[in-house]
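Novice: The structure is given below, and queries will be raised subsequently.
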């Protein structure tokens, strides 16, 4: 720092003040060198300002503590541009705005060493993007919440504690967030790269396996633990081999509860969750499976204990099949299959390979299920923003195949970084004729060639050696020395090791296990075992393995994934975030300058600042510039070409010559210059919109007032027409009422006059009657005197008449009032009369019905009596007078009782006459006892019949229902008495005449009686 103070005398205090107080952007430093950059970052870090800018690159230093920079208030502030300092939110906001403005996919590339905070930075970027893209107005289905919760799931299954980081991502991921044309999130997709499978079965001292194992053992409910036969994490060999089971300040049980909430949010169903936990428990129990040597050749068999039983149960296979798959290999020998026993190390490798395959397949399945929940579906996608969070550069005491692949990925991403910030930019300046002083930077293309060159690259040689069955890790190391010693980035070492000079420094690799891990073998016996499992997931994993067209090595597969990733990033506009790790102790407030400086050198921060300071980060074609800002010119530019328009705009706004350069095809502006044009454009557009709003508002008001006047005029016409119609209707109604009133008054007057005239006539008539009586009482008066008296009476009458008229007028008025009351009473009486008429019509219908039935009864009795008389007359004519008195009456008298009288009333009015023959027969046989009795009954019947007919007619004329009921009762009483006496008379007839009566007349009248009944 002393050198910084030894500046020339003309250097002012203001030039040094930025070094002392710190600046947001390293471009603003007066002296651009490593000490000033380190001091600036240290000063800001000590004040909890962890973000700084280096041109287009955001530098984020891990604070190792919670800082209050990420609440909703900060999100709102950056969205509304209240804050514009360096921040992850600012990078995400810039990516979002460029996507909406330029309609180009964006990418946010987060890089740095392990423990630098890449995962947390990715989550912060997703938080801001989901806030920008939330579709609250249309009722979003919660896609934003799902995207945020995916981090919890992926961290549980893909992160682990390492010696440098308590939450290290052991896989790479690219989260692609899709937006609609309105800028709302419509889906997402997650891609993963190279999960570190070896961590499942092998751990270094002080490290842990994946978090999910410890969370499951600590936080699973008792029911789930019992179903999975779970124990403490310390009882599983895969977990306890490192001697580290806990992470400081981390509660695995609470993390498990958060994981369950995340799985629910992402809509992983309960059944699938339980299957996943079964697979995890099966992996743990596989690690506890042990082997015992059974012969001198070191062949082994599986020990039958709870570990193998629980593993087989959780996988859904038989214990015997699992034991055979782990201890033997079946080999095809011609047409026969031979089972070969494995030795101890082979059996352990077979067990570990199965465990690694199951866990890696489970991880891929889980990512696939998450993508199904986040898929776009019917939602229309437009553009996307991708967030890359991949493992950082690693260099341990012992670096194996995993570090080899991780560092290769970082080399490829560094090349992408160099290409966009150094190569492409400087090449574009030169090709477009810009005056430019080339900035040197460290190019890692030679290191990439060491990895990717064919046929003598690291990956090609590794695949070649992996294909030889008898090849070993040592033969692979020798082959590397033989073919790659000429490369400056490669250096062969003793003991099967080699070193590579990466952009971040030299790393020593141990080839032990390289070939085995690159092959990633899984014997067919294990695949067949998984295919036979009853559980769904193991069968699915085996099916995916068998469906692979051609099995690739791990290195080749990873290389292909990287090429695809880089191609995807090349098709987007990149935004870089460099995460810096301030110390290896993972403690807040400690700033190790050497460690930070090494990371700054690796990522080329100083070169970025130099290029950004000397370069032109804003570049736009003349056509686009003229189209976007040409309207800002005060003069018409319709006839000018785009280049002239661009220069005219810059001159009008007084741009300094060193703030821009004009190329052949593009216009190049220094940082911050485009903002002035954007502000002016925004101001003009805002004024234009306001003017248009005023104009449209004024035109709308005029149209509204015209329409209003027209509507009012139309309404006035309609109202006047309605008023005229109502007036005419009222006039007609008034005339009609007046006419009716006049007619009523006329009728009343006529009626009154008729009454008065009648009264006068009656009075005059009564006077005449009195006069006549007086004249009759006088005894023959003299003619002259009588005439004179009559004259006197008439004169007297005439004199009295005027006096009567006054009385008559008074009575007329009174009569009019009484007439009104009577009319009202008459109306009420008419209503009552109508009701009575209805009721009487009902009663009259009933009486007519009863009258008909009465006539039928009378006719029946009369017929019976006639039949009896005829029978007696026939016997008498035959000369057997003695038989009439004793012969019984025929049996048809009894049949009359069978006819129901019911509630019928008599009403017959038609008389029924007996023949004269019967009467003569009765008169001539009075001496005979039986004949006399019959004649008496006949006379009584005729008399009663006549009486009942007369009474019935009288009741009908009177219309009295009560009298009718009384008549009916008397008739029924007489009928019963008459029937009894008729039967008694029949019994008194002489029995000796019975036989002859039966021969002729009895049978004939019996038939007649049956016909009648």
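Placed from the backbone N, Cα and C atoms, the Cβ positions cover glycine too.
The model shown is predicted, which means the values in this text are computed figures rather than measured ones.
Copied straight from TrEMBL:
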type	residues	note
DOMAIN	21-682	domain 'Myosin motor'
BINDING	112, 113, 114, 115, 116, 117, 118, 119	ATP binding site
REGION	562-584	region 'Actin-binding'
COILED	805-839	coiled coil
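Are these features on the surface or tucked inside, and what are their neighbours?
Specialist: Note on residue 113 (ATP binding site): other Cβ atoms within 10 Å of its Cβ, all shown chains, come to 26.
Residues of the same chain lying 6 or more positions beyond the ends of the region 'Actin-binding' (562-584) and with a Cβ under 8 Å from any Cβ of it are 41, 45, 54, 56-62, 64, 88, 91, 94-95, 98, 102, 104-118, 121, 125, 164, 174, 191, 193, 386, 388, 392, 408-409, 412-413, 416-417, 420-421, 590-592, 595-596, 599-600, 603, 605.
Outside the coiled coil (805-839), and at least 6 residues removed from its termini, the chain residues within Cβ reach (under 8 Å) are 748, 751-752, 755-756, 759-760.
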Novice: Taking the centroid of the Cβ atoms of 112, 113, 114, 115, 116, 117, 118, 119 as the ATP site, which other residues of that chain lie with their Cβ within 8 Å of it, listed in sequence order?
Specialist: 62, 165, 392, 579, 581
Novice: Do you know the DSSP helix, strand and coil residue counts for the region 'Actin-binding' (562-584)?
Specialist: 9 helix, 8 strand, 6 coil
Novice: Report the same-chain neighbours of residue 114 (ATP binding site): residues 6+ apart in sequence with Cβ closer than 8 Å to its Cβ, ordered by sequence.
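Specialist: Counting only residues 6 or more apart in sequence, the Cβ neighbours of residue 114 (ATP binding site) under 8 Å are 162, 164, 165, 168, 391, 392, 393, 394, 581.
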Novice: Can you check how the pLDDT averages out over the domain 'Myosin motor' (21-682)?
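Specialist: Here the mean pLDDT over the domain 'Myosin motor' (21-682) amounts to 88.
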